[in-house]
Amino acid sequence: MEKTWNNKAWFMVLPVLLLVAFSAVVPLMTVVNYSVQDTFGNNQFFWAGTDWFDEILHSERFHAALGRNLVFSFIILAIEVPLGIIIALNMPRKGWGVPVCLVLMALPLLIPWNVVGTIWQVFGRVDIGLLGRTLANLGINYNYVQNPMHAWFTVIIMDIWHWTSLVVLLCYAGLVSIPDAFYQAAKIDGASRWAVFRYIQLPKMNRVLLIAVLLRFMDSFMIYTEPFVVTGGGPGNSTTFLSIDLVKMAVGQFDLGPAAAMSIIYFLIILLLSWVFYTVMTNYDAER
Amino acid sequence: MEMTRRWPVVLAAVVAAFAIMVGLLVGAVPFKDGARDWFAPLAKGGWMAWTFPTALFFLTIFFLMSLMAVWEYASPGGNPRVGILRFETTRGDRLFVSLLGSAFIHLAWLGLIGPNLWWALALSVVYAIGVFRFV
């Protein structure tokens, strides 16, 4: 019988393992070490046990930031995924419109995150920003610096502007891979537009949608730069998401122990949610 | 699947390596007032802020992963099966679910009951056995 399994192939993974060890495992181990100790600088550490974890688990500040982050991720996923699918479905499949649309879609993705934040910070300003000034002229009392709802609105719209293109491009890649024969068969059967979407296009986009949802969830759950540049986490703490809170704790207050404990809890939540997403979607795909 | 005959040798080597590493680790624990200070920094200058408990924790994780590698060597293929979660899992998946679940068991115990985590550890072992048996 032909041998189909060779465990020696695992040695091929060694270079990647070494790379990941230096870029991820060693820093992660250091964070775990920090999370059970206290330090006042100068590389001197004092054992604290599980105190920092206890403090974070009972911290109102952490609960609030986690809640805000979950709500934010839910809102942007609920908007960006359907919107991305709709735009991808309406993009041209041939002709000069294809490169034009692709370049337009790729543009927001090419802009550095802090520049995106700066663009929206200026765009939303009531005195000189196009959005802020226009809304003010329409009689809407918009001010993202003072009003938490307006700050949330700005951050969400900014994220949609920045990242919907990623969902669009991934869905478009899935759509163009569908052979014409599928559409011809659907036409012969007299399938409706909805039936074509439900039974041909959506199943073919399933894999790329999995990647899109995973990427967007993880990215939105780790969001830092854009809201930090636009609102700085304010007004008050209304747009202080987990990563902003973490940086405030670690760099602003130099509370390395609690910050490390928070990082680990944050990491575990991301790991759990990503695993659930991945498992649910891959098994749904396998069942189909 | 056919078992590879040399796996007991590999297993013994991994267990011996783990025992030696634990021995070296214990030897590295500094003394304070004539007794071992189990929670003191292991490295001078605070490099990576290592302590005995955290080093033992990671050593145990690497030991578990090495045991999985030995298991895979002894019986290749990952033993995929459909368990109570009604989707296919391999041994690696089951270890991941066990470790992740154990982390949350410890956090929940700490948050809801108190800082004595030995019962949480016992519960995690029971949970891991359950995962490897039924998932």
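Placed from the backbone N, Cα and C atoms, the Cβ positions cover glycine too.
TrEMBL does not curate its annotations; it predicts them automatically.
Keep in mind that what you see is a predicted model, and the values were worked out from it rather than measured.
Annotated domain 'ABC transmembrane type-1' per TrEMBL: A:66-277, in sequence order.
Tertiary proximity for the transmembrane segment (A:12-36) is limited to same-chain residues at least six positions away from its ends with a CB under 8 Å from its CB atoms, namely 47-50, 52-53, 256-257, 259-261, 263-264, 267. Here TrEMBL flags A:12-36 (among others) as transmembrane segment.
Annotation source TrEMBL lists transmembrane segment at A:70-89 (among others). Sequence-distant contacts of the transmembrane segment (A:70-89) (same chain, at least 6 residues past either end, Cβ-Cβ under 8 Å): 105, 152, 155-156, 159-160, 163-172, 174-175, 197, 201, 205, 209, 212-213, 216-217, 220-221, 223, 241.
Annotation comment: TrEMBL describes A:101-123 (among others) as transmembrane segment.
Positions annotated as transmembrane segment by TrEMBL: A:151-175 (among others).
The annotation transmembrane segment is assigned in TrEMBL to A:208-225 (among others).
Summarising the annotation, TrEMBL assigns transmembrane segment to A:259-280 (among others).
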For the transmembrane segment (A:101-123), distant same-chain residues with Cβ under 8 A (at least six beyond the ends): 87, 91-92, 129-132, 154, 157-158, 161-163, 165-166, 168-169, 172, 225-230
